[in-house]
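Swiss-Prot lists Cys92-Cys169 with the feature disulfide bond, giving sequence analysis as the kind of evidence. Residues or ranges marked as N6-(retinylidene)lysine by Swiss-Prot: Lys288. The topological domain 'Extracellular' annotation in Swiss-Prot covers 1-18, 79-92, 156-182, 268-278 and rests on a curator's inference. As annotated by Swiss-Prot, topological domain 'Cytoplasmic' applies to 44-55, 116-134, 205-245, with the evidence given as a curator's inference. The transmembrane segment annotation in Swiss-Prot covers 19-43, 56-78, 93-115, 135-155, 183-204, 246-267, 279-300.
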Amino acid sequence: LHMIHLHWYQYPPMNPMMYPLLLIFMLFTGILCLAGNFVTIWVFMNTKSLRTPANLLVVNLAMSDFLMMFTMFPPMMVTCYYHTWTLGPTFCQVYAFLGNLCGCASIWTMVFITFDRYNVIVKGVAGEPLSTKKASLWILTIWVLSTTWCIAPFFGWNHYVPEGNLTGCGTDYLSEDILSRSYLYVYSTWVYFLPLAITIYCYVFIIKAVAAHEKGMRDQAKKMGIKSLRNEEAQKTSAECRLAKIAMTTVALWFIAWTPCLLINWVGMFARSYLSPVYTIWGYVFAKANAVYNPIVYAIS
């Protein structure tokens, strides 16, 4: 109780019907996520032709999504059953840390996948090809930096506290001290604004490169008096473009899922009167549900 902010005491208990609905939703998304990401990892690791440097990033994305739901899913089921957090203050902090860690690793893995597409499509032969060593270094960097940022609340830079609905835990966005808010400013920049800026930058040039390539192919085909050019280079470029579209779709779905979390943090800091327990719980539930999207999108590819 000492970890719960006074802001939440002004609200009555949530409608009891919310908990069964939330439990069913989490059961559905949890099973889909764990099964989908497990299959993704298994297929990529056991199919020799798929064990490429670029696909190491895909496997890392599936692993971070799997770990997120594996650690978030069971506690959420328990808290929904009991209508309150029953797992103690220590596990509350661990729960929030793991959620932040996996979310951060997921978005930065998507950023590196996007950057790899940018390198292949925009730079072409001038770009340095992704090697297994380089991909492994990227993955190590993702997890080290994500752990560094997410472990900070354990040392006093912000705190991990229960949400107002008492079914989950997260960062403290209601404290008004400069230290707590500075963490949210930096963390929002690190996990949302900077990745979004990099992603937009890469895709602007990817789209330009694809458009220029398609125009060049049409002009060349017109000069030759045929409908299209069906050579190996065109097929390869077309495959790369399809992969870029898949990556772009996945990134868009990720940002759609995690934007509510950003809004919750900033509304909590600057307009807390609009923040209710129901709003916070569904914001974070849909954020966790993004772990379901990625294996579906990559399975289609």
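Backbone N, Cα and C define each Cβ position, glycine as well.
Known features from Swiss-Prot, placed on the structure.
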residue : record                  : DSSP class
Cys92   : disulfide bond          : helix
Cys169  : disulfide bond          : strand
Lys288  : N6-(retinylidene)lysine : helix
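By the count of Cβ pairs under 8 Å, the stretch nearest in packing to the transmembrane segment (279-300) among 19-43, 93-115, 183-204, 246-267 is 246-267. Ranking the disulfide-bonded residues Cys92, Cys169 by C-beta neighbours within 10 Å puts Cys169 at the top. Across all of the topological domain 'Extracellular' (79-92), the predicted model scores a mean pLDDT of 91. For the topological domain 'Cytoplasmic' (44-55), the list of distant contacts is 62, 113, 116, 130-132, 134-135: same-chain residues at least six beyond its ends, Cβ to Cβ under 8 Å. In the structure as shown, the Cβ atom of Lys288 (N6-(retinylidene)lysine) sits within 10 Å of 26 other Cβ atoms. Cα separation, Cys169 (disulfide bond) to the residue listed as 'N6-(retinylidene)lysine', rounded: 13 Å. DSSP places the residues of the topological domain 'Extracellular' (1-18) in helix, strand and coil in these numbers: 6 helix, 0 strand, 12 coil. The two recorded residues, the residue listed as 'N6-(retinylidene)lysine' and Cys92 (disulfide bond), have Cα atoms 16 Å apart. Counting residues per DSSP class in helix, strand and coil order gives 9 helix, 0 strand, 3 coil for the topological domain 'Cytoplasmic' (44-55). Secondary structure by DSSP for the topological domain 'Cytoplasmic' (116-134): 14 helix, 0 strand, 5 coil. The list of residues near the topological domain 'Extracellular' (156-182) in space but at least 6 beyond its ends in sequence, with Cβ under 8 angstroms from a Cβ of it, reads 3-5, 7-8, 11, 14, 19, 22, 75-76, 79-80, 83-85, 92-93, 95-97, 99-100, 264-266, 268-269, 272, 275-278, 280-281, 284.
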